[in-house]
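**Q** Questions regarding the structure given below will be posed in turn.
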Amino acid sequence: NTYAVVPFHLGMEAYKADGKRLLALAVDLCIEARGDRDDVAILGSIPPICGSYQPDSFDASVAGPVIDDFLNAYCNKVDVLLLETIGSVKEADFYLRKIKETEGKPLPVWLSFCLEIEPGYHQHPRLLSGDSLTSAVQALSESGHLDLDNRIEAILVNCCDIRVVALALEELRVALAATNKQHVIRTGAYPNAFSVPPPGAANHTLRHFDSNITPDRLKTRAVEWMALGADIVGGCCGVGPEHIEALAKLRHNDDCNDDARAEKKELSSSA
């Protein structure tokens, strides 16, 4: 995983000394792990380069050279570029423009936003910058990033509280419909097994997992998300292999309707 191979996590001196080697090593390990399987895609992670959960810390002068290192490491080796845990439209726009300038074989891009958790969570999900998902999609559309000749294949939410996902997917569906892209751009989610850490916590604070988010519970939630149009589901921080194994069964599971009914019953009883 290359998510933490940035100056924010390693420190600038360590990154300058070893960053490119670590990026190359991570990609090579992924290729080795995939072996000769043709049903496994490698996603090249591009994180918030100037700080997770801190969209205000974004600095193009720092991020520019680092994203170049990421794109060089991924060239002809990964299948998808994954911009993940992105907290602002400004940062997303910068990365998308850098990707568009990249020479070589064009790669599809999955753009995933990190959402804040508000009290009650029965509200419109917002990016960490405070922007709504609707305004984010509008901004991407107005900037031309959603045009067919660009590379955004999917818009997702990740590293967020599991309770906001359904609302986020519904808002994404409506926002994409307003740009006539609802049948072109895929949607999805891979939330945490705990809430978004406070600013600055990415390097300094350990989080307690929510033991209520079991593999079966995540699977049940995923069925709900799929009913809302998501076709990419997974897990982020605190989500382990057993959770992913449960989600993988949905690919060939004829009991999804039963899971959806169970989820509806659960939501009704907790309302």
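For all residues, glycine too, the Cβ spot is worked out from N, Cα and C.
According to TrEMBL, the protein has these features:
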| type | residues | note |
| --- | --- | --- |
| BINDING | Cys159, Cys236, Cys237 | Zn(2+) binding site |
| DOMAIN | 1-251 | domain 'Hcy-binding' |
**Q** Excluding Cys159, Cys236, Cys237, please set out which residues of the same chain place their CB within 8 Å of the center of the CB atoms of the Zn(2+) site, keeping sequence order.
**A** Thr85, Asn158, Cys160, Tyr190, Pro191, Asn192, Gly235, Gly238, Val239
**Q** Rank the binding-site residues Cys159, Cys236 by the number of other Cβ atoms within 10 Å of each Cβ and report the first-ranked residue.
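**A** Top count of Cβ atoms within 10 Å goes to Cys159.
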**Q** In the predicted model, what is the mean pLDDT computed over the domain 'Hcy-binding' (1-251)?
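**A** When the pLDDT values over the domain 'Hcy-binding' (1-251) are averaged, the result is 90.
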**Q** Let's check the environment of Cys237 (Zn(2+) binding site): how many other CB atoms sit within 10 Å of its CB?
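**A** Total other Cβ atoms inside 10 Å, all chains included: 20.
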